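According to Swiss-Prot, the features are:
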type	residues	note
BINDING	Asp18, Ala47, Lys50, 75-76, Arg81, Arg94, Ile124, Pro126, Glu129, Arg167, Tyr177, 183-185	RNA binding site
Amino acid sequence: MSDLVFYDVASTGANGFDPDAGYMDFCVKNAELLNLAAVRIFFLNAAKAKAALSRKPERKANPKFGEWQVEVINNHFPGNRNNPIGNNDLTIHRLSGYLARWVLDQYNENDDESQHELIRTTIINPIAESNGVGWDSGPEIYLSFFPGTEMFLETFKFYPLTIGIHRVKQGMMDPQYLKKALRQRYGTLTADKWMSQKVAAIAKSLKDVEQLKWGKGGLSDTAKTFLQKFGIRLP
């Protein structure tokens, strides 16, 4: 009869996960540790961190970005992909979204242009840069190229979604990668609600994205050389 006895198991997804609550918890725990230098190092090395974690079977890891060390759930190792992730657990993907929002908060909460310039010169988005998009396109658009920003569609004005839509339309991305964004809330609105109530806002966001100067031609030789140091080679 033992083969007919069943027990509940932990969910393998983040059902009930509230990104806003997760972000606030993250900020409270890391308020005294976060700085632009550490965030810069994270974004320039996130892809390398994922690759390194994919070779390590440990369920948890403690990568260090500059002087900032953080515990993450390692869901990149093939055998760990179905492990449960708690609401306040951190993954590289969640960290990417949280840190992008943290940078935007720092930018918007400070009216000092010298501070804006410091942020623009310190934080580099390799994904945006490789598409010819820079800070001059606006902080929300520039930061929305970071993975994880789809968790905050309202904060980033739908750009994480509409950047994805544009890339799919141009054959630059498989439609399946839109799934994460299409499951997210917009503020308090569930996906089925904002898909019907926010059509005009999404259309405006998409228009902004389509008007960007897409393409690798927007990069200077200096920028291309810099990105090569981090494994991004452009023609």
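Using the three backbone atoms N, Cα and C, a Cβ is placed for every residue, glycine included.
Computed from a predicted structure; not experimentally measured.
Sequence features annotated in Swiss-Prot and their locations in the structure.
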residue: Asp18; record: RNA binding site; Cβ neighbours (10 Å): 14
residue: Lys50; record: RNA binding site; Cβ neighbours (10 Å): 18
residue: His76; record: RNA binding site; Cβ neighbours (10 Å): 20
residue: Arg94; record: RNA binding site; Cβ neighbours (10 Å): 23
residue: Pro126; record: RNA binding site; Cβ neighbours (10 Å): 19
residue: Arg167; record: RNA binding site; Cβ neighbours (10 Å): 19
residue: Arg183; record: RNA binding site; Cβ neighbours (10 Å): 10
residue: Arg185; record: RNA binding site; Cβ neighbours (10 Å): 17
